[in-house]
């Protein structure tokens, strides 16, 4: 029955990297053990930049670089941070990698190119879709699926974070 | 030289490398003489997917490994019982792929009652240089591959200090993504190199120098700049000329890599610069680095192509450091996808 109603989607307009950082910081602040965030967008949309800012605000020290080659990179912040990039995988291959241990673990998962493995993501999750609208401008579409992600979106909205 | 004093008997290390998309087995004598070096290239399988596919890789490793072990021993002309130790890539890499090599190495270690040496993949790439000549310490290493872009300072043998690394994409990854966006076939990196060398025209793209004095690298801005050029031309309906974009991209990458490596060589006052990793096969990079080192009077070591890409001979060369120390790995060793180079060098892996 959850499947039958349309999930509300919110649009976050980022005029420069600082705006993206504000969103990343807000999400890093509310993240709890087991948080799963899917992150999609074309090459160059700013997924890795968003991930780095999110990691910084989650308290990860040092460099967070691209996990494309190794698929998963683990870091220690306020909570364990699992940075994934499934660009090189198919659904079947991802299934055999045992990602559930991360998704249902004690840390925070941020999955770049998550739509490739959409069926493997836990039903409750937050999804961000980034689009390039100018050199520095980005449109970020945010959808919350289940608890607590729908509430996060509501709270972001109430705080006047969404610009349209 | 000095190793003869320590080791009267020849040391034969059987080395296994399965950290990514190659199943490789080699036998290396005394850390620098390659007795056999076999690579079951899976590149044909991967072409269909447009990249390295980890699951396919793990399954392929399992199918390949026992046959490869047999063949490597046969090709070397020595007997299994002549082996001194079994070395294997412990990390970094894809955990499923690493595990295949680790399990094979442990089994062989137990069956033959020979010590096990867990080895760092990047130390392997670095010591690929030992397969072609002596390394003169202190030295600086420029590591360039699909997953790594690092400057490593080595004060002495086996001691590693990473002084610079990529803050976002690795150089090989940037090559692959740019190749994809230009519609080049897999493997994209060599194709960009080829187009760049053939093109007369070049589109100037930005260089990411980062803050003054930094030895870190960043390639995601350059990747975005390439995408902007492609999109703008598409929107205007202009001709694309992918070769000119490839050349502009390669010139930006090479200039930054070469400039930072040479600055590091001077700042650390080292005796030698080593190049290694899969992107060390890039002809544009080799040529420009050689030219600049000639000009500056820097001793440059570059392994031949077959030792630049993933192989097991390099793992045998790096493992020999631990053989000389008689520092072996216990059988409960775990494959470690995030293994630290510094920790491996100083025998402080927990």
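Here the Cβ of each residue, glycine as well, is placed from N, Cα and C on the backbone.
What TrEMBL records for this protein:
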type    : residues                                                      : note
BINDING : B:121, B:125, B:310                                           : Fe cation binding site
BINDING : B:143, B:144, B:145, B:146, B:147, B:176, B:189, B:193, B:282 : substrate binding site
DOMAIN  : B:34-316                                                      : domain 'Gcp-like'
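Cβ packing within 10 Å was compared across the binding-site residues B:121, B:125, and the lowest neighbour count falls to B:121.
Listed binding-site residues B:121, B:125, B:147, B:189, B:282, B:310 compared with chain A at a CB cut-off under 8 A give B:147 as the close ones.
Of the listed binding-site residues, namely B:147, B:189, the sparsest Cβ surroundings within 10 Å are found at B:189. Residue B:121 (Fe cation binding site) carries a helical DSSP state (H, G or I). Residues B:143, B:144, B:145, B:146, B:147, B:176, B:189, B:193, B:282 are recorded as binding substrate; their most distant pair of Cα atoms lies 18 Å apart. Across the residues of the domain 'Gcp-like' (B:34-316), the predicted structure has a mean pLDDT of 91. Long-range Cβ proximity for residue B:143 (substrate binding site), meaning a same-chain Cβ under 8 A and a gap of 6 or more residues, is found for B:122, B:125, B:126, B:149, B:150, B:151, B:152, B:276, B:277. In sequence order, B:17, B:19, B:20, B:89, B:122, B:124, B:145, B:277, B:278, B:311, B:314, B:315 are the same-chain residues whose CB sits within 8 A of the CB centroid of B:121, B:125, B:310, the residues recorded for Fe cation being left out. Here residue B:282 (substrate binding site) comes close to B:144, B:175, B:189, B:190, B:193, B:250, B:254: these same-chain residues lie at least six apart in sequence, with C-beta atoms under 8 angstroms from its C-beta.
All protein chains considered, the CB of residue B:145 (substrate binding site) has 26 other CB atoms within 10 Å. Sequence-distant neighbours of residue B:310 (Fe cation binding site) (same chain, six or more apart, CB under 8 Å from its CB) are B:17, B:19, B:20, B:21, B:22, B:24, B:39, B:278, listed in sequence order. In the three-state DSSP scheme, residue B:143 (substrate binding site) is classed as strand. The two recorded residues residue B:147 (substrate binding site) and residue B:121 (Fe cation binding site) have their Cα atoms spaced 11 Å from each other.
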